[in-house]
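The following features are taken from TrEMBL:
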type	residues	note
TRANSMEM	12-29	transmembrane segment
TRANSMEM	35-56	transmembrane segment
TRANSMEM	68-87	transmembrane segment
TRANSMEM	136-159	transmembrane segment
TRANSMEM	199-227	transmembrane segment
TRANSMEM	233-251	transmembrane segment
TRANSMEM	258-280	transmembrane segment
TRANSMEM	292-322	transmembrane segment
Amino acid sequence: MDPNSPVSLSWVARATLVVLALVALFWLLGQTANILLMLFGAVTIAVVLRAAGNLVHKVTHLPSSWSLGLAIALVGLIFGVFVMLMGNQLVTQFSGLNQQLPEAVEGLGDMLGVEDLWQEFEALNEWRWMFGAMGYVPQLLGAVSGLTLIVIGGIFLAVDPDLYIEGTLKLVPPNHRDHAREVLQTTGRALRLWLLGKLLAMAVIGVATTAGLFLLGVPSALALGAIAGLLEYVPFIGPVLSFVPAALVALQQDDGTIWWVLGLYLLIQQTESNLLVPLIQKRTVELPPVLGLFAIVALGLVFGPLGFIFGIPLTIVVMVMVKELYVREALDTEVKVPGADHENP
C-alpha cells in the first residue's frame, strides 16, 4: 500500500478483522491452555508407552499391537507390585518422618539458640495454611482427575499414533508435509530420550540414597530416598531440597550422623554429575539446567501441578521446534538438534 494514498474503508475493515481474529485466537488459547497442556501430557505418556512397546517388540518379536498391550500390562503390573510391596512401608515411613520433623526443627533451634522454633513456625503459618488449604484441595483434585484423563488419552494415542500424526499433517501445506513429518519424528525422539534419561537418573538417585541412609542407620530411609529420587526431577535446587529433611532427621542422632549424611549426599551428587549424567547424556538428550528450572517454575505458577510435571518435556519440544523451524530454516544456520542424530523410536 502506498503511504501517500488515502486509506480505503475496505483496507481498514480487513485490518480490523485481522486484529480481531488475532485477539480471538489468543483469547481462545488462554481459555484452553489447560486442555492443551493435558493434551501434551497425553502425548508424553504415549511416547513412553510406545518406547516400552518397541522394547517389548525387539525382545519378543510380537506384532506391534500385541507388544504395546503387553508393555502397558507390564507397566501396570510393576506399579501394582511396587504399591503392594512398598506402599504400606512408604506410608508408615512418611508418617514417621512427619512426626520426626518437629523434633528435628526444635533440635536445630536449640543449636542456634532459638527457643520453641517449631512453635514459632507453626504460629507463623497457621492461618496461611488454613486458608491456603481451601485453594489447594480443589487444585489437587483437579490435578488427580487431569492425570487420570492424561493417562487414558495417552493410551489411546499410543495405540494408533499414525492416525493423529497424519491428521495433524493435513493442516500443513502439501509441499511442506514431508519436512513437517521429519520435525515431528525428531521431536518425538528427543522427548523419548530425555524421558528415559531422566527416569533412569531419578531411579539411580532414589535407590542410592535409600541404600546409603539405611546403611548409616538413618530412620525413614525409604521415604527420604523417595524424596531424593522425585526431587531429582528439579534441576539445581532439587538435590539441595532433598537434603533438608535428611539433615533434620540426622540432627536427632547424637553420634555425628549429620556429617555422614552430608558426605553421602555430596558423594551421590558428585558421582551423578561426573559419571552418571555424562553416561546418560551420551544416549539421551541434554536440556540446559537453568532453562529446565525456569520452565518448571513458570509453568508451575501458571498451570499448577500439571505445569510443574510437564514443564520440562514441553520445553524440550519447544527447543526442538525452534532449532528446526527457526534456526535451521529461517536463519539458515547449522545447529545440533536434540533427537536428530538417533534412530527412530
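Yeah, the Cβs are placed from backbone N, Cα and C, and that goes for glycine too.
Those TrEMBL annotations? Automatic predictions, nothing curated.
Relative to the transmembrane segment (292-322), the listed stretch 35-56 leads the set 35-56, 68-87, 199-227, 258-280 in CB pairs under 8 A. The stretch in 68-87, 199-227, 233-251, 258-280 that contributes the largest number of Cβ pairs under 8 Å to the transmembrane segment (35-56) is 68-87.
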